[in-house]
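According to Swiss-Prot:
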BINDING   Glu124, Glu149, Asp176  S-adenosyl-L-methionine binding site
BINDING   Asp232  substrate binding site
Amino acid sequence: MPHFLAKLDCKPLEYPIISGDFCFHKEFSSLKHPTKSCVYASFKDHIFLLQKIRRANDFLIKSEKATPLKREILKQALRIYAQSFEVILHNLQENSKHASGKKALDLEDFEDFIKENQAPILMEIGFGSGRHLMELAKNNPTKTCLGIEIYTPSIAQVLKQIELLDLKNLHVLQGDGRLVLESIPHHKCEKIFVHFPVPWNDKKHRRVLSERFLDEALRVLEPNGFLELRTDDTLYFEDSLKLALKHFKSEIEIKKNAQIPVVSKYEARWNKLKKDIYDLRIYSLESNETPFNNHAFDFSFDTITLNQKSVGMILKTPKIIKEGYFVHVCNIYENKGDFLVELSMGDFDWPMRLFVLSVKNQVFYLNKSPLKTLNNHKAHLLLQNILKEFDEYNHCSE
């Protein structure tokens, strides 16, 4: 991660610090950890935060992962901010010009991407090395191929291949496919592939394929489109088949040890060991005419006023856990009556780290709202109730 270390004996900084398209507006101090602060900054219209940590012998300044920037822009921001310090060490050198220019989709732009896309969508959730996903894109140039993956190394590997092979119809998104599906309108996908997911036989609630996931997949698929599971785990296959048979109307196709054109490294290893591999295709049979209404999920806040007394009480609030979602106030930062609230919240399957900014009586998410899913919206309403409770308490005690 780009960062730099600086000597402690620097003069107090005078904000704002402006250089070209960058502006470092002000510094928020942690109310929980006296050695931590957040620098509130912007690049053009994009807001981001830097973490500033005072250690025994130096300052550590690095990005805040909850407000990501493209790597080269982040390095440039840190290089500019570092000019106000006596730098001891850094890793802010410019990258080679041959570095990949292809970027993953941003979650905040994903809704617009889906809305604007007119081509049939082939989706793979958990694409690993990307062999199958890239073959899909090469063989279907008129269709949009979308890969969803959690792990950064897999995404970086596929992004390089997309650029090398000039696969303009292939896009990748970093996220949990279980939640991403919930944000997609009805009948947007032609096919969904889930190949060799982690079986999680001892922790089945962590599996990709669950009753909730299957319902969402069948909703998102076009009529006669299919969800394809490929697995070497017999128990996972059997449990998934039982889930499919729970539906009142089902069309299911099963294959065992079928030969397919693209074999992953993982699958090749099992083939050598003569291990059975199962294919389960579950077809979407019904058309859903009900309007997709995730726009009903409003992530704005009512008018709320925070002050030193209320944020002190909010910071002491324990993690609140409900069925399927939670809210945890991790930290609060302050600058002259303005507050940054650091949160972990949302769906248990994919918790989010994000920040809420309070300026005067306005409260809003920094940069982006949570992904529009039911459990995220429930967590948002819970957070709003927490903030309003202490706001109302302060008004009553005045």
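Quick reminder: no glycine exception, Cβ is built from N, Cα and C everywhere.
Counting only the Cα atoms, the space from Asp176 (S-adenosyl-L-methionine binding site) to the residue listed as 'substrate binding site' is about 22 angstrom.
The local packing around Asp232 (substrate binding site), expressed as other Cβ atoms within 10 Å of its Cβ over all shown chains, amounts to 18. Residue pairs drawn from Glu124, Glu149, Asp176, the listed S-adenosyl-L-methionine binders, are separated by up to 12 Å at the Cα level.
Taking the mean position of the Cβ atoms of Glu124, Glu149, Asp176 as the S-adenosyl-L-methionine site, the remaining residues of that chain whose Cβ falls within 8 Å of it are Ile125, Gly126, Phe127, Gly147, Ile148, Ile150, Leu173, Gly175, Gly177, Val180.
Classification of Glu124 (S-adenosyl-L-methionine binding site) by DSSP places it within a strand. Applying an 8 A CB threshold to same-chain residues 6+ apart, the list for Glu124 (S-adenosyl-L-methionine binding site) reads His132, Leu133, Leu136, Cys145, Leu146, Gly147, Ile148, Ile192, Phe193, Val194, His195. A strand conformation is recorded for Glu149 (S-adenosyl-L-methionine binding site) in the three-state DSSP classification. A separation of roughly 20 Å, to the nearest angstrom, links the Cα atoms of Asp232 (substrate binding site) and Glu149 (S-adenosyl-L-methionine binding site).
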